[in-house]
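Q: As annotated in TrEMBL:
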type     : residues : note
ACT_SITE : Ser178   : active site
DOMAIN   : 91-320   : domain 'Alpha/beta hydrolase fold-3'
Amino acid sequence: MAAISLDPGLSLKHIGKDNTQHPSAVIEEIEGLIRVYKDGDVERPQIVPFVTSALSLELGVTSKDVVIDKFTNIWARFYVPNVCHGKLPLLVYFHGGGFCVGSAAWSCYHEFLARLSAKANCLIMSVNYRLAPENPLPAAYEDGLRALIWLKQQALRGDSEWWSRLCDFSKIFLAGDSAGANIAHNVATRVGSNHGIEAMALKPFSLKGNILIQPFFGGEVRTHSENYMVQSPRSALSLAASDTYWRLALPAGANRDHSWCNPLSKGSSKLEDIRLLPALVCISEMDILKDRNSEFCTALNRAGKRVEYVVYKGVGHAFQVLSTTQLSQTRTLEMVADIKAFISR
């Protein structure tokens, strides 16, 4: 296993170009986040700083970057509490960003996951997966599975690494927010398929649960919150942005009722037929995805799956990583406590 010292510049492909000089027309754009040109070129302005794995000493957490697959440039950032009493659970975490933007090196994720590791007393493996539209779905799901297979290999090697000596490999959880929660769900779905080769590849390695924070799902028919939720100009996710992300991420010709986007659509596998992990679903009251997340929880419950959910009052999409208001900080502490309780059972 190779450790890396991330050069943030390596993750900033196509950033800083002068679009006024670009010879091709813009065909898709989410202002400030991503611009896609007709010739296939993609620009991602650096709206969030990319940071190294360094952390302040007072956090009490050590972080390092590790290569998972050098050929596809998949890597992960580990977070390990400095003081451990026995072996700890591990969260395999996928960042958000509509499948098209974001990074495990974004400062907002680095800070949130370091605090989550410290307060929930767990190890975290934050996976940096390939982004759409250059790598449309299922690339991110494949990267998630590749990360799990890599993790299984580390478990079989025993306590050979600085983090694995502290890891309880019987308590591995998938987790993610927004598009990352969608990845966590779809990876779990593949592993839980009765005829999935992915499940065979992971045996005897097993997963304990799934933590889905504001999972990014969609559908052709709008929900009430998608139609009527009042969004501030600084909202982390608008309906227009959501639609653009899905156009960029889904396979050519697919619409928002594709099973990867809408797990409750007619074309999706029946939840009853899939071995799904026990789930904690974190829902934001002011999120356009609120109703879709709630419907997903109801469907899981009806299918006989173990699911619990929490609605965080007064906050919007991705508040735990993008908002610094006092209310958001309070709700983030509540979320961390809920996650800690879920992984401690």
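Glycine is no exception: its Cβ is also placed from the backbone N, Cα and C atoms.
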Q: So what's the average pLDDT for the domain 'Alpha/beta hydrolase fold-3' (91-320)?
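A: That stretch averages a pLDDT of 94.
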Q: Validating a neighbour-count step here. Other CB atoms within 10 A of the CB of Ser178 (active site): how many?
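A: Excluding its own Cβ, the number within 10 Å is 28.
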